[in-house]
Amino acid sequence: MRFLFFFLCLFCASAYSQDIHLLSKALKKLSHSSRFNESLQRANFEIQAEALSSINNLLSGPSVQQFSAVNEFLANIGSLNLTESCQKDVVFWLGSFAAFFTNQSNSKTDNQFALQQLDAFGKPPADLLQFESQWMGSWEECLSVKAPKNAQYKTKYCWTQIVSPLNVLLIPSAQCDSAIMPANTATCMPATCSESEIVTLLNQINSKFHVCSAQCRESDPPPRDGAFWAVSAILILVSALVILGSFVDYFIVRDQKHKDFNTSMRLLLAFSMYTNGAEILNTKTREGQIDVVHCIRFFSMIWVMAAHSFSLSFMTGYDNMLSAIDALKYFFNLLILNGFYSVDSFFFLSGLLLTYLFFKEATPKRVKSPVTWILFYFHRFLRLTPPYMMFIGFYVAYLKHFTIGPTELQEDAMMENCQDNWWTNILYINNLVHDKKMCYSITWYLAADMQMYVFSPILLIALFINHWIGLAVGVGILAISTGANYGTFYKYHFYPTMIYLPTVMAEDKESDMSDFARLNYFAAWIRCLPYVVGMLTGYYLRKFQNKRVKIHPLLALAGWGMAFACAFGCVFGIFDYYNGADWSVLARASYNNFSRLGWSLSLAFVVIACQKGFAGPIKNVMSLKIFTPLGRLTYCAYLTHYFIVYVYLSMRRNPLHFVSVFENYVHTAVPCIVISYLFALLWSLMFEVPFGKLEKMVIEGLLGKESTKQRRSYDVKDANGVAPAEPIDLEAKNAWSIPRPTVRL
């Protein structure tokens, strides 16, 4: 029997799990046991012995007893309560497999498909003690199975989740809900069998290892549902407007200003790729502009992409998982693994740009005007929402069409989350409501940033009344947020960051990482420290923009040294905790609180130093013109990058093998960064810039052009950490240097 089901009986030690925390908790318990390594070795010896025995049987050829076992299984298959079609195909497959080994040459030709089907199963790899993640088998081989005698016979590729040999040997009573790590292995089964029937069959084949579930991958393109056609219609319509607007702009409008045309023409020209592309790529700077913002925004975005590339690779599953976990032991790997401060950089920039733009021409009359505050929120919502919600629609409609293949990530659950909870995204409350089933998980940042923006007038008005009152209010907000964070740490015993692998678990008392996400990582009232520091920094820069700051070079150098040391400590200060140091709740809470505050203060010094002239060559580098268009594309790059990384990883046909964090960066992050920015350029040209112009036209229609010009200083819709910091030059199309026709058409 082992000969026939060799690849079905030997399952691996690890797999992708949708909840890594379950893995962490189990490994923690095992790691505290002095017999853990001994148990692993014993498990490995038994697995190897079983594998060698099966291989010997395979090499020595089938025996009479083995075929008798096949016949016995087929004789009892009626007791499994399978559907007629499934039972018929299983009998056909196994009967053909047995017939393949007869001495008749025509039997080998007619029944070779049965061996091909079995060959497509996942096979035992090396590195079992590395918690090998997935036995992927062969997607193409499984789907290409054809039975010469039965044209109707088809197969399908399925992932089965089982209690692995390590579970059975370490915890003999382990079941699906108590397994150390449920393991995934690929199977190639008759297409007529349902997922529940596949589970029944595999459990009957070998009861030693319990099969928990099966999930089959669709071999045919997914159906084009209503969402697909609706989103496609919008994309076609917008694409047509872009093409037509670009044609009219390039061949007919020529060098005339768009504002001189009637409303219909302006609506069309708002979609001109020719003008919009020039505006995005324009590198001109304005007097008083904070030049280094684009550089900070771009490198923060690169940091986000690198961290997400590694985290998604880890969640997908390496075939040497322990080596990936050991990456925390290497000091400089924390530069990517502890990349959570990239988001704090975005929060800092949001607050910085908000106050810097708001106080440009603030007057008592305008601050007291209800119209000012209506526009304050109206601008913001219309500035961010069109490209955001359109991408959510694109994500829901097209993701499953880009991920056809063997790799099973989480798209079914993610699509269900979006179908049920998309409304929380459009209201920017997805970090508060149904946060465990969030649609497009990275959008928690947009929700938190919007919530900070909604309450920002508290500090804006205080600063407008008096800078000392504003400073007191700002410090008060920082104190309240810090105190609330300490309280949640003491109540829930949180880890200091979102990295919660077994090597960093210091206490026997467990904490739920979903609570950490909801009450700390996603929480606007906790994450607002960089935002408030950014607001105070922006206010200072605006208030004292015309005052020169004279500082001794040695003092400036000391300031840079302190800022660098502070930022360095924020990123790498947790190294000993990741390597087993026992941190108290107080230490973990203090790190979580003050590392974010320290990071923002370091950024504040960098911005002030560059703006006030004591940054030396650092400002020259950070103000390079190349960062301007890259910074403008950051918002759309943020929206699209997670989708790109996800699709990129889903295209693989073999398990990922961890070599190093740098290797992951080169082979996964870099390609995804390039593709994401190209996609971001397209998305910005289609949705961000055109709808921004349409929003401006709506405001002009409601208030009139003159009124709109007077309130231009309150156009703070761009005050977002991942969005452009200033209005794009509407007359920048001349930057293209593309010759136009000399005559009108």
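Cβ atoms here come from the backbone N, Cα and C positions, even for glycine.
So that you can see what the record holds, here are the features copied from TrEMBL:
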type	residues	note
DOMAIN	83-218	domain 'Nose resistant-to-fluoxetine protein N-terminal'
SIGNAL	1-17	signal peptide
TRANSMEM	227-252	transmembrane segment
TRANSMEM	296-318	transmembrane segment
TRANSMEM	330-359	transmembrane segment
TRANSMEM	458-480	transmembrane segment
TRANSMEM	522-541	transmembrane segment
TRANSMEM	553-578	transmembrane segment
TRANSMEM	598-618	transmembrane segment
TRANSMEM	630-648	transmembrane segment
TRANSMEM	668-687	transmembrane segment
The transmembrane segment (630-648) touching the transmembrane segment (598-618) per 3+ Cβ pairs under 8 Å rule: no
Stretch-averaged pLDDT - the domain 'Nose resistant-to-fluoxetine protein N-terminal' (83-218): 79
Same-chain residues at least 6 beyond the ends of the transmembrane segment (668-687) whose Cβ lies under 8 Å from its Cβ atoms: 235, 238-239, 242, 271, 273, 276-277, 280, 302, 305-306, 309-310, 313, 386-387, 390-391, 630, 632-637, 639-641, 644-645, 648-649
